[in-house]
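One structure is given below, encoded as structure tokens.
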Amino acid sequence: MVQWVQDQIRYMAYSTGLDEESTKIVMCLLLSFPLSALFKRLPDNKYTLKNLVVIGVSFFYIFIILELKGGFVTLLISTTFTYLITKYLKSDLMPWFNLAFLMGHLCINHLKAQFWQAEYDPTKIDITGAQMVLVMKLSSFAWSYRDGKLLKRDPKAFQEKLNTYQRSRVVVEHPSILSFLGKRRKRMIPKSGRIAFAKVVQGAAWAAIWITSLNYITTDYLFTVEYQQKPLIVKGIVLTILGFTYRLKYYAVWLISEGCCILVGIGYNGYDASTGKFYWNRVQNIAPWEFETGQNVRTCLEAWNMNTNKWLKNFIYLRSAKNNKPGFLSTLLTFATSAFWHGTKPGYYLSFVSGAFYQTIGKIFRRNIRPIFTTKDAEPVTRYKTLYDIVSWTVTHLAFGYLVQPFVILEFKKSIKVWSSVYFFPHIAIGIILFAFKGPFSRSVTGFLRKYHLKSKGESETISAPKKDTITVHPNASDASLIPEYDNQEELNQPIILPEIDFSKEDYDELMNKIDELQKLRSSKDFSLIENEEKQALYEALDSLSKDIGKVMGNIRSFKND
């Protein structure tokens, strides 16, 4: 059967012009749609059956279509570790231990793919992509289970310390191994066929554009003599077009995946009784229109890979904050986690570090340039606002076209060659802007621009508190009490991009104070107490695990004797 399926894949790849990797991914996506429709029609009370179906389909994808036997072992190692540590380790630091193992395991595989593979082969599926998603899921589960214990221990702290997103994903009871692998949630949802079909159609349209684009332009064109002889402005346009074609594949995959999730029910995100509107954005990962029409870096980043941004915000950034007040250290830890999560190849870091500077420049522009043309409430605006919008959109997408090339090329020398073909113009612009607004003449520059800032009518500098969530559960669903069943839409739509790294004197002082605190704690009695508590928790976890293994072995021996 495996050979027959692989023969069909090779035939499809030859017919469409796609490589085998992309063909396999497309096949999985297309199969997921009818399988999701069938899955949704299984009886709601047959949870064991549904879990078995999920596991069975996953095995079919991994072993029959993707042929990832070694990859399966990799995913199983991470999954088993998280299941065992969350079940047996009774420690508040458990989620951090779990994250450290998952990130370490992922980093090893990133390094293996970079240094121990003879040559990067884009036609073969790299298991680290699936492992990256699994890291998000498993680390989130560990925090959600810890939140469940907080709910039992201190409901008031549960309400005060966690936001709606975190509370809605709480896990109160540790699941059985079957439920953990199947990951099924028990909840009612309305009909979702039409909205799911619309997402699939959108994804298919983006896929068609992407496949068509491969006949006209690819990354290889950047290394031709023809490209090198083009004028600078033409090269910039070529990079921008290529950046757009890179995004097309992600639009297609994420939208079709979202459609399947909506069809099966996990995309449903609540019902607004006041408007009669259903929300289906629980697993939304991309907003193509918002990205393509975005006039600044922040808007584009908020519309891209949204679930990763949510994970970084809710399970890294906010979790590392002291007294629920994230600072520079939380930002630094989050950026470091994101960097290692993406991979170890040089191209990722060239794009990632440059992207951090993009955010800083965007912040400078929002504070100093934008107020010249409009105000926060868009009253008033100058007659040059339309021109400002056009220039902002053009500059933003030219800059993104330049930024994303290393992220796709990955190799350091080739990435630098592409950037040098346009004389590193965004980096030079970044240097000039930072010198102007952060250098010795910064006060003169900002003061000069501030004279031309528009004043908003009735604009207030105070930030209003978030409104209470108006979203209720669907009429057919049960009340979840302290555990929200769905996300707060206003909270969900708040900016999720992390603060820019702006290493000021205050940041340096915070970092030094934290180092001093850690040094003092290391030599104090409190550290010895914490160390002993963690050791005791580890001993208890190993003892419980040993007893459970003994019970399983005893049951196996009894079964053999019978």
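Glycine is no exception: its Cβ is also placed from the backbone N, Cα and C atoms.
Look at TrEMBL and you will find 47-66 (among others) tagged as transmembrane segment. Long-range Cβ contacts of the transmembrane segment (47-66) within its own chain (Cβ-Cβ under 8 Å, at least 6 residues beyond either end) map to 1-2, 5, 9, 24, 27-28, 31, 35, 39, 72, 125, 178-179, 181-184, 186.
Taken from TrEMBL, the feature transmembrane segment applies to 96-115 (among others).
Residues annotated as transmembrane segment in TrEMBL: 193-212 (among others). A Cβ distance under 8 Å defines the sequence-distant neighbours of the transmembrane segment (193-212), meaning residues of its chain 6+ beyond its ends; these are 16-18, 26, 29, 33, 36-37, 245, 248-249, 251-260, 262-263, 267, 278, 280, 288.
As annotated by TrEMBL, transmembrane segment applies to 326-342 (among others).
Away from its own ends, the transmembrane segment (386-404) comes close to residues 236-237, 239-244, 246, 293-297, 300, 351, 354-355, 358, 370, 373-374, 419, 422, 425-426 of its chain (Cβ-Cβ under 8 Å, at least six residues beyond either end). Residues annotated as transmembrane segment in TrEMBL: 386-404 (among others).
Taken from TrEMBL, the feature transmembrane segment covers 416-437 (among others).
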Residue list, the transmembrane segment (96-115) vs rest of chain: Cβ under 8 Å, 6 or more residues beyond ends.
74, 77-78, 81-82, 85-86, 89, 126-128, 131-132, 134-135, 138-139, 142, 316, 337, 340-341, 343-345
